[in-house]
Amino acid sequence: MNLMINLKPLTFLPFFGRLVFLSGVIYNTAWANTVIPVDNSRPDETFSQTSPKQHLFSQKPKPTEPTSSASSQQISLTIEQLASRPDLVLRALIPALKNNDMRGVEILLPIYAKQSPDPFLLKWAQAVVARKQGKLNESVRLYRQIIAEKPNLQPARLQLAIALTQNRENEAAKAQFNQLRSENLPAPLLTLIDSYIDTINQRDSWNVYGGVNYLHENNVNNAPPKGTKAEGFTPSSQPEKAHGLSYFINLSKNWSLAHGFFTEFSADINGKYYWDNHKYDEFSTRLNLGGGYRNAKTEVKLMPFVEQFWYVGGENATKDARTLHRYSKSSGINLDVDYWLTPNWKISTVLEYTEQRYIQPQRQNSNGNSYSISNTLIYMPNSQQFWFVGLDYYQKNTRLKAYAFERQGIRLGWGQEWPKGISTRLQTSYATRTYRAPSAEKNMIFAPSFFKVVQKNHEYGVNFTIWHRSLHWLGITPKITWAYQKTTSNNPFSEYDRNRIYLTFSKTF
């Protein structure tokens, strides 16, 4: 058997890469003698906001894969002759790997494996051959190890993205393709990536994404620090610890229509279970049905939704309470717009309107609606890094004005792929929250003075996540997150610090 070998210099020419990494205390107007109840029974409030997201990507018809088109000096050798020339094997293997020549790699791998091979090149060749032979799980596993070791090796990242697409790992595939777009690529390669994204967007398969977090809470009820005292009054709440699990499941399906339009259904389930403090257990469901338009650079989605929330009761519940009760119901509409300004810059905008109704009579003064607007600008200078800045506005209108407020915030973030397979993500945030009215009338005798003025809060947050890219088990990568929240206020009973540690296991099916 004769083999035509391309003789090229022993250099790696990167042309790709990137992974888009992509509470308020509710207080009562109570006027007890010296103990002022601090109502922390409501679960954490969440605010619609965009942040770097890893979008779902998959493919239908397969775009043409990149292969070598260069004309080089060629020689004809038999397998036996090639086996006696390790230098030629290496000079042939490297271009074959870089240029996605799966047939050439398949021929060269058995020869190279017997010649004191470089472990990295051997693993890369094994990944290519596994993909050619349809062993996609094995191929993806090997490619992830390769990228963890050399995150700037763009040809291998492209091959990983294609393997993920073929393996119908939609979210992961789209994330890798979006990373690759951030590089200064030749026009044909950008066209190739866009063709993959376009065909992936036309997939109509069900997507399931879920995960479990281990929670370690030192102040699950957002209470002021122990020993807080003001004007002779003390809060009724003290920080409580809790340990447990949070869980989430997202089920979604798209139906592609003509000219880039689509309809979409999704269902979200979220919950928290604390085995040593059950009164803070919670559970929620949200159903979304809508549609939109998308192409390789733009996605616009309008999604009406309904939501139900169950809660044991928090501080309003007895110590041994365990039963979840209907807490609130909501309905509204969400508009989500993503647009790539350039291959390196992306802007994401989310607008949401919600009508919320509380089930328990004593909570119905909180009935009302809310508006939120969130904008995030994302910059990806290369395949190993991203930066983002976000601006958020949230307005809550309630029957009782003392519960209504406006919140304005800013977020800054940075994600990085480091050598040795380590990845990190850091986000810092700052927000101001201003309530519409005081929680106590000025002529109320048994209330502290700070209840008689409009409450203003300053809210600070830090989130840091770290994981190892090559640590995978059944497609799951464990991640560790530390989250810190601090609120200062002109109401000392609304000030608190909160440290949380998460251990996250998530997977896309």
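Backbone N, Cα and C define each Cβ position, glycine as well.
Since we're looking at a predicted model, the values are computed, not measured.
Sequence annotations record features per position, and here Swiss-Prot assigns signal peptide to 1-32.
Annotation source Swiss-Prot lists region 'N-terminal domain' at 33-204, citing similarity to another entry.
Annotation source Swiss-Prot lists region 'Disordered' at 43-72.
Taken from Swiss-Prot, the feature compositional bias 'Polar residues' covers 46-57.
The repeat 'TPR' feature in Swiss-Prot is assigned to 120-153. Tertiary neighbourhood of the repeat 'TPR' (120-153): same-chain residues 12, 14, 17, 90, 93-94, 97, 100, 102-103, 105-106, 108-109, 112-113, 159-160, 162-164, 166-167, 169, 382-384, 417, 419-421, 468-470, 472, selected by CB-CB distance under 8 Å and a gap of 6+ residues from either end.
The feature region 'C-terminal probable beta barrel' is assigned by Swiss-Prot to 205-509.
The annotation transmembrane segment is assigned in Swiss-Prot to 206-216 (among others) on the grounds of sequence analysis.
Per Swiss-Prot, transmembrane segment is recorded for 261-270 (among others), and the stated evidence type is sequence analysis. Proximity of distant same-chain residues to the transmembrane segment (261-270), defined by a Cβ-Cβ separation under 8 Å and at least 6 residues beyond the stretch ends, is recorded for 201, 246-255, 283-294, 301, 303.
What Swiss-Prot lists as transmembrane segment is 284-294 (among others), and the listing cites sequence analysis. Beyond the transmembrane segment (284-294), the same-chain residues lying 6 or more positions past its ends with a Cβ under 8 Å from any Cβ of the stretch are 201, 257, 260-271, 300-310, 334, 336.
Positions annotated as transmembrane segment by Swiss-Prot: 331-341 (among others). Sequence-remote contacts of a segment are chain residues at least 6 beyond its ends whose Cβ falls under 8 Å from one of its Cβ atoms, and for the transmembrane segment (331-341) they are 48, 50, 53, 55, 181, 288, 290, 292, 297-307, 347-355.
Per Swiss-Prot, transmembrane segment is recorded for 345-355 (among others). Cβ atoms under 8 Å from those of the transmembrane segment (345-355) belong to residues 22, 48-50, 53, 330-339, 368-380 of the same chain, restricted to positions at least 6 beyond its ends.
Per Swiss-Prot, the feature transmembrane segment maps to 371-381 (among others); the stated evidence is sequence analysis.
The transmembrane segment annotation in Swiss-Prot covers 386-395 (among others).
Residues or ranges marked as transmembrane segment by Swiss-Prot: 408-417 (among others).
Counting residues 6+ beyond its ends, the transmembrane segment (423-432) has Cβ neighbours under 8 Å at 19, 21, 51, 392, 407-417, 456-469 in the same chain. The transmembrane segment annotation in Swiss-Prot covers 423-432 (among others).
Sequence annotations record features per position, and here Swiss-Prot assigns transmembrane segment to 461-470 (among others). The list of residues near the transmembrane segment (461-470) in space but at least 6 beyond its ends in sequence, with Cβ under 8 angstroms from a Cβ of it, reads 144-145, 147-149, 151, 417, 421-430, 477-486, 504.
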Leading stretch by Cβ pairs under 8 Å, where the reference is the transmembrane segment (499-509) and the options are 206-216, 386-395, 408-417:
206-216
Cβ contacts under 8 Å made by the transmembrane segment (408-417) with residues that lie 6+ beyond its boundaries:
19, 21, 47, 49, 51-52, 151, 376, 383-394, 423-432, 459, 469
Looking only at the repeat 'TPR' (120-153), how are its residues distributed among DSSP helix, strand and coil?
27 helix, 0 strand, 7 coil
